[in-house]
Amino acid sequence: MGGLDPAFVREKLKVYLIAGSKDTSSPLPVVLNEAIAGGITLFQFREKGPGAMEGQMKEALAMQLLKQCRNSGVPFIVNDDVDLALQIDADGIHVGQDDEDAAEVRKKAGKNKILGVSVHTVEEAYTAVEAGADYLGAGPIYKTGSKDDAKKESGPEWITEIRRNGIDIPVAAIGGINAGNGKEVIEAGADGLSVISAITMAPSPYQAAVELTSLFKDSKSR
Ligand code: 3NM
């Protein structure tokens, strides 16, 4: 188990925006501001893929986004860059299976940072829990255009399978999720919906965030 109160983490996972500078057509800080106004509960800075920023440019953008999140009480997670996360004192770190080992990240980050781990098999899920993950990222639930090396989509059944195996730590579902299909994902047992394109590519990121938020108002969340 991770270091944080699972009830706190569960609350924060609900509408979880993930984005880097290449995921938006308007500047990312503008999209983030709209998404925050629309009610997102968590943000992950995922600066990856062709043309991604590095070094000082990446750090400067991270600092700017962190400030926006801090001003509005939205925790700020860094994807796969432990040094950056520690340097800017982010609220958490998310790692995939090909990134730094989660147990190592937990050691470096201490107990008080949120640690998320992407999992695609039940075994990976058990290992992530052992390593001290606060939440699991489970996907891709539906087909995604936002990750070049994404695995084949699993459907909401992947969430059901995690729960059936007795894993009850907070789970954020990811991959092709939007306001139209999010409800069935919550009903399958997900605590939160992680999205890139549903917000970053929406004509109104604000409206998209509002619609995702509203799914939790009439769904029975755990
Ligand atoms: N991780 P969208 S799928 C970043 O399966 C990421 O672990 C995935 O983007 C996984 O909401 C994915 O636009 C991309 O489909 C999600």
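For all residues, glycine too, the Cβ spot is worked out from N, Cα and C.
Since the structure is predicted, the reported quantities are computational estimates derived from the model, not experimental observations.
The feature 4-amino-2-methyl-5-(diphosphooxymethyl)pyrimidine binding site is assigned by TrEMBL to Q44, F45, R46, E47, K48, N79, S118, K147. Counting Cβ atoms from all protein chains shown, K48 (4-amino-2-methyl-5-(diphosphooxymethyl)pyrimidine binding site) has 15 others lying within 10 Å of its own Cβ. DSSP assigns K48 (4-amino-2-methyl-5-(diphosphooxymethyl)pyrimidine binding site) to coil in the three-state reduction, outside any helix or strand.
Taken from TrEMBL, the feature Mg(2+) binding site applies to D80, D99. Taken residue by residue with DSSP, D80 (Mg(2+) binding site) is part of neither helix nor strand, so it is coil.
According to TrEMBL, the domain 'Thiamine phosphate synthase/TenI' annotation covers 15-199.
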- Message: Based on a Cβ-to-ligand 1 distance below 6 Å, what subset of the binding-site residues Q44, N79, D99, S118, K147 would you report?
- Response: S118, K147
- Note on the structure: Quick note, K147 (4-amino-2-methyl-5-(diphosphooxymethyl)pyrimidine binding site): same-chain residues at least 6 apart with CB under 8 Å of its CB -> P140, G175
